[in-house]
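Some features that TrEMBL has for this protein:
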DOMAIN    116-242  domain 'F-box/LRR-repeat protein 15-like leucin rich repeat'
DOMAIN    384-480  domain 'F-box/LRR-repeat protein 15-like leucin rich repeat'
DOMAIN    520-617  domain 'F-box/LRR-repeat protein 15-like leucin rich repeat'
Amino acid sequence: MILMKKPNSPETQNPFDVLSEELIFTILDLLDPNPLDKKSFSLVSKSFYSIEAKHRRNLKPLRSDHLSVLFKRYPYVTHLDLSLCRRVTDDSLSIVTNAYRFTLQRIDLSRSKFFSGDGLLSLATNCKNLVELDLSNATELRDAAVSAVAEAKNLEKLWLARCKLITDMGIGCIAVGCKKLRLVCLKWCVGVGDLGVELIAIKCRELRSLDLSYLPITDKCLSPIYKLQFLEDLVLEGCFGIDDENLDVFKQGCKTLKKIDISGCENITDVGLSALTSSSGCLEKLALADGSPVTLALANSLNKLSMLQSIILDGCLVTSAGLKAIGNSCMSLRDLSLSKCLGVTDEALSFLVSKHTGLRNLDITCCRKITYVSIASIANSCISLTSLKMESCSLVSREAFILIGKRCHSLEELDLTDNEIDDEGLISISHCTRLSNLKLGICLNINDRGLAYVGKSCSKLKELDLYRSTGITDSGISAIASGCPDLEMINAAYCTAITDGSLISLSQCSELKRLEIRGCPLVTSVGLAAIAKKCKQLTRLDIKKCYNIDDSGMICLAHFSQNLRQINMSYSSITDLGLLSLARLSCLQNFSVLHSQGLTPRGLVAALMACGGLKKVKLHLSFRSLLPEPFIKIIEARGCVFEWRNKVFQAELDPKCWKLQLEDTSQL
């Protein structure tokens with residue numbers, strides 16, 4: 001039972017003074033996950049500041065040079081995410097070890113550089129409670145450094161994706177030392193072969209999840225894998241050395257498998273798939289993307305998978321017989337992805353959805369042969385759909401979208417990019433009041449009238465994509481801003497008719513985190529200032545080709561947008577003054593600035609020196625020779641990556657000409 005402290009005197013005025021620390025911790029647990037809420041709590045008083053610091057268990061610093069100060073404030077962190085800190089040295093890891101020797105359970109170094117085996121050894125030997133370690137993208141780590149991980153005897157989850165220099169020797173050391181591992185990810189560890197995988201499978205008997213994507217392995221390592229008694233998730237995506245020949249070993253084991261991914265394994269046919277799944281009666285998810293054709297024989301190999309809930313066939317050649325066979329089996333199917341599948345027809349798809357009326361998620365992106373008939377079948381059969389993705393279904397007529405709005409009222413995600421939907425269809429779609437994510441990019445037949453209905457009815461909308469939907473103006477954006485207060489992302493790129501009025505309207509959306517308005521020439525710094533002042537959670541901004549945004553807009557961002565992490569300001573009117581103003585933002589990690597005539601090498605040098613937390617900078621190649629080589633090395637030593645682009649100035653195409661050009665390209 002949680003007790004309250006007795007008040008010191010009858011004059012106690014603050015009711016929180018009588019609450020125990022444990023009770024206040026419980027209150028903090030119930031707060032919204034939004035970090036700003038807890039920050040506001042901590043600013044109420046000194047006692048709240050102290051209590052919030054003691055309560056904090058998860059920490060995600062923006063810069064490694066602030067670690068010492070942060071660790072002193074938050075002494076009980078168990079989960080430390082350093083993925084935003086590009087430069088993490090051995091000294092940084094030593095600070096981590098000293099601060100969280102007894103509490104640290106998980107550390108994420110998946111985007112960090114500059115540490116070595118010494119730092120990892122200190123971490124592994126001293127943090128005895130460490131159970132999760134993410135070293136993904138540590139492309140410079142070799143076996144000697146990775147072998148230090150073997151000292152983390154209690155490690156249960158390890159990610160080594162894209163650690164391309166480690167070999168079987170390093171993996172062998174980990175296998176011998178970390179026998180409690182339950183999850184191992186070796187995706188793109190191209191130096192690891194059959195021996196390393198065998199050692200992991202033999203020594204780590206408690207494995208539940210094993211990701212071997214794109215490893216140069218063969219059938220030789222499969223025998224130890226199938227003997228794993230608890231394996232639930234096996235990923236063999238892009239393992240081209242595996243074929244049907246030795247998959248028979250799976251007939252005798254792996255009865256616990258729930259997820260199998262053999263995407264891109266073109267040498268595995270229905271014969272191998274049948275062997276792989278023959279004893280996997282518990283299988284729930286199967287990914288076959290970019291693999292063998294989905295024929296009748298392949299589909300029949302799924303007959304015994306009564307618990308199968310998700311099938312991913314993206315990029316496969318699909319036969320009508322194969323789709324119909326899936327329709328007659330897999331009665332528990334909830335998720336089906338046919339993105340970019342060739343051969344999907346109205347007849348086959350209609351039959352399948354008529355049999356699987358309980359579908360929740362359906363992806364038919366770029367299924368270019370389907371028409372109104374398929375959409376009518378989907379709308380009439382799958383009324384419980386929560387996600388429907390149908391980008392670039394170019395033969396679907398406008399009337400089909402009216403059916404979706406009339407029947408699929410449970411939709412939360414709807415992707416109609418590059419379709420023929422018009423205002424009548426959009427008005428019908430507005431009846432899907434649970435929508436949180438709506439994509440209407442390159443929909444040239446919609447305008448403000450239809451969008452206004454979405455704004456009035458879809459109050460739960462959080463993400464809206466209007467990319468190149470040029471019929472939208474300030475009126476439509478205003479309707480969305482008024483009716484969707486929880487909006488977090490809007491893409492209005494190349495909606496050339498919108499002005500500052502749209503941004504002033506959007507400034508009402510206090511939850512806005514991402515704004516893309518590239519190619520909107522009528523927008524100025526006035527509208528941007530309105531966003532900066534009221535949308536305090538803005539983290540990502542794209543104002544490329546907004547020619548009328550100048551330094552005054554950057555000054556407002558620098559003053560108000562303290563959470564801004566990424567900005568693209570190419571082709572704008574900013575000068576050295578604007579860029580130097582942005583350098584005040586401690587959170588800024590990524591900026592692109594191409595073809596900005598007012599920017600000089602001196603101003604760029606000053607801004608880069610002032611931005612201590614930068615991870616990536618995209619600049620025109622012409623600046624490369626104008627910046628001192630020692631200066632470039634200093635910035636790179638901080639952990640910043642330069643991307644030099646030699647793009648010529650590009651004039652904007654008319655929207656319809658641009659779409660025709662896109663269609664011609666897709667047919668090649």
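Positions of Cβ are set from backbone N, Cα and C atoms, glycine also.
Computed from a predicted structure; not experimentally measured.
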Determine the mean pLDDT over the domain 'F-box/LRR-repeat protein 15-like leucin rich repeat' (116-242), rounding to the nearest whole number.
96
Mind tallying the domain 'F-box/LRR-repeat protein 15-like leucin rich repeat' (520-617) by DSSP state, helix then strand then coil?
37 helix, 16 strand, 45 coil
Looking only at the domain 'F-box/LRR-repeat protein 15-like leucin rich repeat' (384-480), what are its DSSP counts of helix, strand and coil residues?
33 helix, 12 strand, 52 coil
